[in-house]
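Database features (Swiss-Prot):
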type	residues	note
DOMAIN	7-99	domain 'HTH La-type RNA-binding'
MOD_RES	S92	phosphoserine
MOD_RES	S94	phosphoserine
DOMAIN	111-187	domain 'RRM'
MOD_RES	K116	N6-acetyllysine
MOD_RES	T120	phosphothreonine
MOD_RES	K128	N6-acetyllysine
DOMAIN	226-346	domain 'xRRM'
MOD_RES	K327	N6-acetyllysine
REGION	349-415	region 'Disordered'
MOD_RES	K356	N6-acetyllysine
MOD_RES	T377	phosphothreonine
Amino acid sequence: MAENGDNEKMTALEAKICHQIEYYFGDFNLPRDKFLKEQIKLDEGWVPLETMIKFNRLNRLTTDFNVIVQALSKSKAKLMEVSADKTKIRRSPSRPLPEVTDEYKNDVKNRSVYIKGFPTDATLDDIKEWLDDKGQILNIQMRRTLHKTFKGSIFAVFDSIQSAKKFVEIPGQKYKDTNLLILFKEDYFAKKNEERKQSKVEAKLKAKQEHEGRHKPGSTETRALEGKMGCLLKFSGDLDDQTCREDLHFLFSNHGEIKWVDFARGAKEGIILFKEKAKEALEKARNANNGNLLLRNKKVTWKVLEGHAEKEALKKITDDQQESLNKWKSKGGHAGGRFKGSHVFTAARRFKGKGKGNRPGYAGAPKGRGQFHGRRTRFDDDDRRRGPMKRGRDGRDREEPASKHKKRENGARDK
């Protein structure tokens, strides 16, 4: 049996091979990897290299046993062992896995970092390359939509709280000239919760104002419109089809508070309503981006609305909000609910109607069908796969060895 750790210099390929195998058997992945955990029970922890080369990412690097053995022999991590006949590998018994206790889970959470600002077509290898000199990373989770599209943000787990803190405190970090939003994972979720609370407060205030406005025709609406003059910013151009309202909130996050965005994904123009003057927010954002204010790396025409165009846009905003509120209420909702899209900007509340067992149902629910009750607890983010899993993927937490058809890292079939 040969242990790794020789002081020979690694080639770039050997370094990638070691990194990949040590990830598979590492503290973060192995406890979550059902397939590998089953394999290591069969032969005192040994896993045949014939099995390992079926793992997609290792398979793309090499299928040559000698190359793998040679690479592991040069690793300084001392995590892996190679069998005497050089056909099997295992995690060294002298490096047992940490016990997955609440304390351990809390430690992992404290060294996890949220990073946003990557292009949606970035690959796991692109992100790994960017993070290569940022500290030792144990895991990268690419956050995806329900349709498996990359959101442009990740969660990265560092090897220690100190290295995570050092990374977070680096000012002005960019990915290919794009500013990145970097927060500790716990701070990110706290920020999202605070935004939801603020939305609920604004929703209640808006509902109250609309209720009072019905008793004073014209007066409330007029005052509201006057208070928003100079606060509208129009944007237009050959926008990316994946451009969304969240991109605008991120772009102006430190320059002006956005109250409402009239924009639908796929459109080529839209309007932003700021709490304060739009001109000031635009100037601050431009100055922070060296005068070149892009949206998903696309050129955009920015224009502060004035005069007749401004009045018409404000009137449309008010009308759309009221129309959406009326439609929702007609389905059984109460004033003060939150609507997504280019309509009312308020927070969700309880719906009318009753579900199974005389419990509250949801607006527009089909009659005669039972509903789920209670709340579903989610961990990490809203992109976690549902249902039983044989193995995950390397960029998401785990990876499954390829069978007859190999898998891509985004879940599609390799060809």
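Cβ from N, Cα, C; glycine included.
Taking the features listed in Swiss-Prot, we show where each one sits on the structure.
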{"residue": "S94", "record": "phosphoserine", "contacts (Cβ under 8 Å, 6+ apart)": "none"}
{"residue": "K116", "record": "N6-acetyllysine", "contacts (Cβ under 8 Å, 6+ apart)": "K151, G152, S153, I154, L180, L181, I182, F250"}
{"residue": "T120", "record": "phosphothreonine", "contacts (Cβ under 8 Å, 6+ apart)": "T149, F150, K151, G152, Q242, R296"}
{"residue": "K128", "record": "N6-acetyllysine", "contacts (Cβ under 8 Å, 6+ apart)": "I137, I140"}
{"residue": "K327", "record": "N6-acetyllysine", "contacts (Cβ under 8 Å, 6+ apart)": "none"}
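In the three-state DSSP scheme, K327 (N6-acetyllysine) falls into the helix class. Counting Cβ atoms from all protein chains shown, S92 (phosphoserine) has 15 others lying within 10 Å of its own Cβ. K128 (N6-acetyllysine) falls within a helical segment according to DSSP.
Secondary structure of the domain 'RRM' (111-187) per DSSP, as helix, strand and coil residue counts: 19 helix, 30 strand, 28 coil. In the three-state DSSP assignment, the secondary structure recorded for S92 (phosphoserine) is coil.
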